[in-house]
Amino acid sequence: MILFEKMFQNERILEIFLVIAITTSNCLVEAKVDRMLRRIWLFQSIRNQRRSSFGFGSCASLPESPNSYVLQLFFFTCENPLNPTIFNQNVTVDELKRSANFNPNRRTVLIVHGRNEHYDEFLWTGDMKDLLVTRDGCEYNVISIDYYRMTDHSYSSGVANTQVVGAVLAKLIEKLSQAFKVDALDFICAGHSLGSHVCGFTGQRLKSSQLGMILGMDPAGPAFSNVHPRSRLSIDDAKLVVTIHTNAADNVIEGYGSFEPMGHYNFFVNGGSTQPGCDKITAKFVCSHQKSTQYAIYNETLFDNYESMGYRCPNYDDFEKGKCNRCEEPEDCARFGYWFTYWPHQEVGPDFTEPLIYYVDAKEKLPYSLYHYSVILSIDAESPTFNGRLALNLSGSIRSFYIEKHDLEAKFEANQTYSFLMKEKKSSVDVKQIEVRYMNGFDQSTRDDLSSILTPEQSSTIRSNQTTSFVYK
C-alpha cells in the first residue's frame with residue numbers, strides 16, 4: 001500500500017584567503033584609528049562581542065560617525081511610485097512634514113540592502129519597491145535606504161556600520177512619529193544580508209515603541225554567528241521576526257549566511273545552504289545568498305494555486321524523506337511567501353518558547369514553487385525481503401507523468417514502511433493508479449513478481465493535508 005500525501009507547500013578559495021589576508025593586515029592600520037574613535041564616538045565597539053568565522057569579530061572596526069557618509073532615503077507612496085522624495089540622515093521633522101512622500105494612514109516598509117549593494121530601480125531593491133507600491137490594493141509607503149558607502153570598504157567596517165545605520169533608521173522612525181503621529185508597530189523592516197542586522201539594530205534602538213515586523217533575507221553569518229543576540233538580528237528586535245535562509249554556512253568558506261535561527265519563524269529553502277542553479281564555484285555563494293531576495297519578491301499567485309508551506313522537521317534529511325508532512329498543530333507548518341500580505345497580520349503564539357525552523361523546497365527558475373507530496377510505501381506482511389530500487393509511474397485523469405528520480409533504494413522488509421518526498425512543478429489532483437516497478441534483477445519474472453499496480457482505496461483525489469491510500473488488488 002502507498003499513502004500519498006500532498007504537502008502545501010579552487011578560484012573561490014584563493015579569493016577568500018586573499019580577503020582574509022587583506023582584512024587581517026588592515027587591523028594593524030585601523031587599530032590606531034580605533035583608539036581615537038573610541039574616545040569621541042558613543043557607539044559600542046563590537047570588537048569583543050563578535051567571535052566568529054576566521055576572526056572577523058576579533059578584528060572588527062568601530063562604527064563610524066553617521067556624518068562621515070551620506071545615507072540616502074528614498075520615499076515612495078502608492079500615489080508616487082516612481083518619483084521619490086530623497087533625504088539624507090539629517091532630515092528634520094519639519095522637512096518631513098513639508099515635503100515627504102508619506103501617507104500616515106498606511107503601513108511603511110523599510111528596504112535595506114546588504115554589503116556592496118545600493119538602491120537601484122533595476123535591482124532587487126527596486127523590484128521589491130514596485131511590488132509594494134504599484135500593485136492593485138496598494139497599502140504601503142516604502143522607504144528605501146542607500147548606505148553603500150558605509151559597506152564598500154572592508155567587511156569588518158561594514159559589520160560595524162550596521163549599528164550606525166540601525167540607529168539612523170530608528171531615529172528616522174521617531175521623526176516620522178513626531179511629524180505624522182505614526183507608530184513603530186506600523187513599520188516593517190526588510191533587510192538582506194548585513195541589512196537584516198541593520199533591521200535588528202533599528203528595532204533595538206527604538207525607545208518608545210516596538211518595530212512591527214522584520215523580514216530577514218539570508219541574514220549575514222560571518223561576524224554574526226555564535227554571538228550575543230544583542231549583537232545581531234534576534235527575536236527581541238520586533239514584534240514578529242521572519243527569516244529566509246538560502247546560503248547558511250558554518251564559516252565564510254562555505255557561505256555568507258547563517259544556520260542560526262534568528263527569527264520567530266525561520267525558513268530554510270532547499271536545506272538553506274545552496275540553491276538550484278547556483279552551482280558554479282565562482283558564483284555559488286553570491287548566487288545562493290542573493291536568492292533570498294528573489295524568494296521575498298516572488299508572487300506565486302501569478303502562476304498557479306501553489307499555496308507553498310514550510311514544514312517543521314528535526315532536520316532537512318528527514319524532510320526530504322517525507323517524514324514531516326502533517327499540520328496537526330498550528331506551528332507544525334507555516335506559509336512560505338505572502339511576506340507583506342499575510343505575515344504582517346500574524347502574531348507569535350502564546351506557547352512560543354524558541355525559534356521555529358521550517359523546510360521548503362524551490363525550483364531554479366520562475367515559478368519557484370513546487371508541489372510537495374509525501375509518499376509512504378507499506379510492504380505487505382507476507383512479502384519476501386529484497387534489495388533494490390523502486391520507481392513510480394503515476395496515471396491520472398488530469399495528467400500522467402513518470403517520476404524518474406523519485407525512487408527508493410533500500411533493503412525492503414516485510415511489514416515495514418518507507419517514506420520519501422516527491423516534488424512536482426504541476427499538481428496531480430486526481431491519480432487513478434500508481435504503477436510500482438521493481439528495477440533490479442536480471443530475470444524479468446523476478447522484476448514482474450516484485451512490481452504491481454495500485455489503485456485508490458477510496459477517493460482518487462489528492463487533497464492538502466489529507467492521506468489518499470493506494471492498495472494492491
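Just so it is clear, glycine is given a Cβ too, placed from its N, Cα and C backbone atoms.
Bear in mind that TrEMBL entries carry predicted annotations, made automatically and left uncurated.
Since this is a predicted model, take the numbers as computed values, not measurements.
What TrEMBL records for Ser193 (among others) is active site, charge relay system. Sequence-distant contacts of Ser193 (active site, charge relay system), defined by Cβ-Cβ distance under 8 angstroms and a gap of at least six in the same chain, are His113, Gly114, Arg115, Glu117, Met217, Asp218, Pro219, Ala220, Tyr256, Gly257, His289. In three-state terms derived from DSSP, Ser193 (active site, charge relay system) belongs to neither a helical nor a strand segment and is classed as coil.
Among the features that TrEMBL reports, active site, charge relay system is placed at Asp218 (among others). Residue density at Asp218 (active site, charge relay system): 32 other Cβ atoms are found within 10 A of its Cβ, drawing on all protein chains shown.
TrEMBL lists His289 (among others) with the feature active site, charge relay system. Mapped onto three states, the DSSP output places His289 (active site, charge relay system) in helix.
Under the three-state DSSP scheme, Arg232 (Ca(2+) binding site) falls in the coil class. Taken from TrEMBL, the feature Ca(2+) binding site covers Arg232, Asp237.
Look at TrEMBL and you will find 61-343 tagged as domain 'Lipase'.
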For the recorded positions Arg232, His289, which one has the sparsest Cβ surroundings, going by other Cβ atoms within 10 Å?
-> His289
Model confidence for the domain 'Lipase' (61-343), as mean pLDDT, reads 93
Based on DSSP, name the secondary structure state of Asp218 (active site, charge relay system): helix, strand or coil.
-> coil
In three-state DSSP terms, the structure that Asp237 (Ca(2+) binding site) belongs to = helix
Enumerate same-chain residues with a sequence separation of six or more from Asp237 (Ca(2+) binding site) and a Cβ-Cβ distance below 8 A; give 'none' if the list is empty.
-> Cys199, Gly200, Phe201, Thr202, Gly203, Gln204, Leu211, Ile214
